[in-house]
Amino acid sequence: MSRLKRIAGQDPRAGFKAAGRDCGTSVPQGLLKAARKSGQLNLSGRNLSEVPQCVWRINVDIPEEANQNLSFGATERWWEQTDLTKLIISNNKLQSLTDDLRLLPALTVLDIHDNQLTSLPSAMRELENLQKLNVSHNKLKIFPEEITNLRNLKCLYLQHNELTCISEGFEQLSNLEDLDLSNNRLTTVPASFSSLSSLVRLNLSSNQLKSLPAEINRMKRLKHLDCNSNLLETIPPELAGMESLELLYLRRNKLRFLPEFPSCSLLKELHVGENQIEMLEAEHLKHLNSILVLDLRDNKLKSVPDEIILLQSLERLDLSNNDISSLPYSLGNLHLKFLALEGNPLRTIRREIINKGTQEVLKYLRSKIKDDGPSQSESAAETAMTLPSESRVNIHAIITLKILDYSDKQATLIPDEVFNAVKSNIITSINFSKNQLCEIPKRMVELKEMVSDVNLSFNKLSFISLELCMLQKLTFLDLRNNFLNSLPEEMESLVRLQTINLSFNRFKMLPEVLYRIFTLETILISNNQVGSVDPQKMKMMENLTTLDLQNNDLLQIPPELGNCVNLRTLLLDGNPFRVPRAAILIKGTAAILEYLRDRIPT
């Protein structure tokens, strides 16, 4: 009832009357009524050029429903209203906000992104309860000092403005956990920035920064630092002491040397692609014990040291577009799920092997790890077995590499002799690619307790039989270049599957069963006819990091796909949708996801 106290002599209905007149049709009374109950009001995308007075005064004036019912015994007690705590007025045409903002002191969330604001009202500093403020995609040129008084602020989004500097006093935001200043015109970061001791995520990408302050290492809780697309030539050595850092993005800068990270024992992802790095040495690698993703693409590397084997947790390694002519064979002993080598003058690995993908490259490198003895080709020739069918089974591959290889035979069936050759040997991989198979060999089920990798690409498969669904240790499955348009629901039993390649088939939608294989990390389904994806189901796939949807029939990309924050590689080129535009796609996955998130209706 405290909200209903009025200044002496004031007409108790006057405020309401003004509110109703000011709102017109831009803000329906039903929406205001619901907001008084829920404490949340969403006015996004209403073409507003100013905020109606009835919004600012929502908890001050007597509502319209008071006209219909003044009884204290009424079912709907209009006087028992909830203070507005969340206000969303994004995607409008607002050029300014008035100081009437102070009439909403209970606000904890204020979203005013995607407007035309050039400043913030001084009353902003009075919103002492505010925890989340989104002012992104506006026209702010000067850092709003009003923000520095918001001591309870935890999330601040100022990306896509025209800021050139950060004002003093910013360090007073001691509770800030998430700060996005990307896509501005910042040239420096003040040393006082380091006082943001609670900061967990900091995005400084797409600015004009030439350096980072040494004091950055005082941010003891920082886990995610994004400095992509700046002008950085060096990284302060103090950054190596950030013990909590897990994700570091330094792509598209001017770095010539890879920093060392002696204290960053928790670092999981290091992205330094598109720089000018010329050398990768053991000192750069030996402390990266937890690294999962290492992006070195588009640099000037000439070699990869043998010490790469120290990165035992590494899952994704991108070396594309460098000057690398050879790879250490020890690389084959890493448990990589993705290895990119395109655009290098490699002379020690045939292009045919590289085109077969990561697992084939690793197997090839492992086969070369020998201190003595004959070469692989000589050994294979000596141990190959001639079968009655005149087929040749590589016994060396079975015994040494644990591969059952009957590829590139143009066979319509896999002879029994091939499976018989396994005998008591342990087999972890099957390669029946480049044949004329119309169905999956039934005898594959005999290897269900062993096999983790299966390559059935470049065949004539139009359906998947249940035999494949019984390979419960399967982690890698290559089915590209077949005639598939669906997958059986029974594939849900493949509870260890991490990578599936369905490119160059006939799928018109992402198979439903894939959404239920929560171990999946990589889905490659380019060059099909996929017309839609379900972002809600995909968000549940928390391990999914790579999704290739290139060259399909996607007419639109659902904004909710931006919530799939675990995606590190999202490929969408070659689809007929108009948004996101090509200019967004070329910026990479992080930019695409951010673009999509900013357009989620709220």
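Here the Cβ of each residue, glycine as well, is placed from N, Cα and C on the backbone.
Swiss-Prot lists SER71 with the feature phosphoserine, giving similarity to another entry as the kind of evidence. Swiss-Prot lists 1-20 with the feature region 'Disordered'. What Swiss-Prot records for 129-150 is repeat 'LRR 3'. If you look up Swiss-Prot, you'll see 152-173 marked as repeat 'LRR 4'. Annotation source Swiss-Prot lists repeat 'LRR 5' at 175-196. The repeat 'LRR 6' annotation in Swiss-Prot covers 198-219. Residues or ranges marked as repeat 'LRR 9' by Swiss-Prot: 266-286. Marked as repeat 'LRR 10' by Swiss-Prot: 290-311. The repeat 'LRR 11' annotation in Swiss-Prot covers 313-335. Annotation source Swiss-Prot lists repeat 'LRR 12' at 336-356. As annotated by Swiss-Prot, repeat 'LRR 15' applies to 450-471. The feature repeat 'LRR 16' is assigned by Swiss-Prot to 473-494. Residues or ranges marked as repeat 'LRR 19' in Swiss-Prot: 543-564. Under the heading repeat 'LRR 20', Swiss-Prot lists 566-586.
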Sequence-distant residues near the repeat 'LRR 20' (566-586) by C-beta distance (under 8 Å, 6 or more away from its ends) are 269, 293, 316, 526, 542-557, 592-593, 595-596
May I ask for the residues of the chain that lie six or more residues beyond the repeat 'LRR 10' (290-311) and have a Cβ under 8 Å from a Cβ within it?
-> 251, 265-282, 317-328, 330-331, 333-334, 340, 545, 568
Short question: which residues 6 or more past the ends of the repeat 'LRR 16' (473-494) have a Cβ under 8 Å from it?
-> 357, 359, 433, 448-464, 466, 500-508, 511-514, 516-517, 524
Over the span of the repeat 'LRR 15' (450-471), count residues by DSSP class, listing helix, strand and coil in order.
-> 4 helix, 3 strand, 15 coil
